[in-house]
Amino acid sequence: MKTKINKKNPGFFLSAGILVFFILAAIFAGYIAPHDPEKANLELRLKEPCREFPLGTDHMGRCILSRIIFGARISLSVGLLVVSSSLALGLAVGSLSGYYGGWEDEAVMRIVDAFLAFPSLLLALGIAGLFGAGFKNLVIALIVVDWAGYARLARSSVISVKEQDYIKASKGLGVGDMHVIVHHVIPNIISPLIVMATIGMGYVILSAAGLSFLGFGVQPPTPEWGSMLNEGKTYIRSAPYIMVFPGIAIMLVVLAFNYLGDELRDLIDPRTRKDIE
């Protein structure tokens, strides 16, 4: 597998490099951003890219580069909070449902199906509209939308492993159900969930940007990539760089997470790539 990554998949390292770049930028934003991302100066509004402002300024005279750097904090934080919370909730619900089965399993799966039946963005819009805009409500809305997919995958994975001999042996020794689930079931089903979470990071970041673009997410002057697109749409003809650069940041991060997730899936289950080829 290592040979395959080194020689045949340079995109793996490119994607990882892009993500490391944005993660480091988010962590050290206060040290590397050339200007205060929220400081407005109307005398500098709509300034084209130059030495002082490498990516130009927006309609309020704020440095676009600085806002993209600090915006990485918001976007990656939303992605991490939503995906980790959704994974934990979905793993718990799906594992218990699949392990015990019965009518409780059927009831839980009907609830999961109900969540999955709604278009995710529309459901998130409805929830965000109900609770209002803001970082906290954006995270809550996306968790409500996102957890069901992890629950369904966890449940199906548990069903496939709970009849294995090592699980039956643990039960035969009198080990409690929770011990079996935590120490034997979950470690053997976590790999596909990690792959799903990696790809899900890109989806969540894109969804968060979409909600902010529509006015239901993080609000200005807080730097967030989606809200930057929303602010820049009025100036798409006169100053397109206001939208172009945040859009490129979103595209790079989403594609990097998607590619990294695909590579992890191929490494965990090489048969997937063979089937595709």
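Here the Cβ of each residue, glycine as well, is placed from N, Cα and C on the backbone.
The domain 'ABC transmembrane type-1' annotation in TrEMBL covers 72-261. Taken from TrEMBL, the feature transmembrane segment covers 12-33, 74-99, 111-131, 193-218, 238-261.
Ranking 12-33, 111-131, 193-218 by CB pairs under 8 A with the transmembrane segment (74-99) puts 193-218 at the top. Here the transmembrane segment (111-131) touches the transmembrane segment (193-218). Their Cβ atoms form 3 or more pairs under 8 Å, with each pair 6 or more residues apart. Same-chain residues lying 6 or more positions outside the transmembrane segment (193-218) and placing a CB less than 8 Å from one of its CB atoms are 74-76, 78-80, 82-84, 86-87, 90-91, 120-121, 124-125, 128-129, 133-135, 138, 141-142, 145-146, 149-150, 153-154, 157, 224-227, 229-230, 250, 253-258, 260-262, 264-265, 268.
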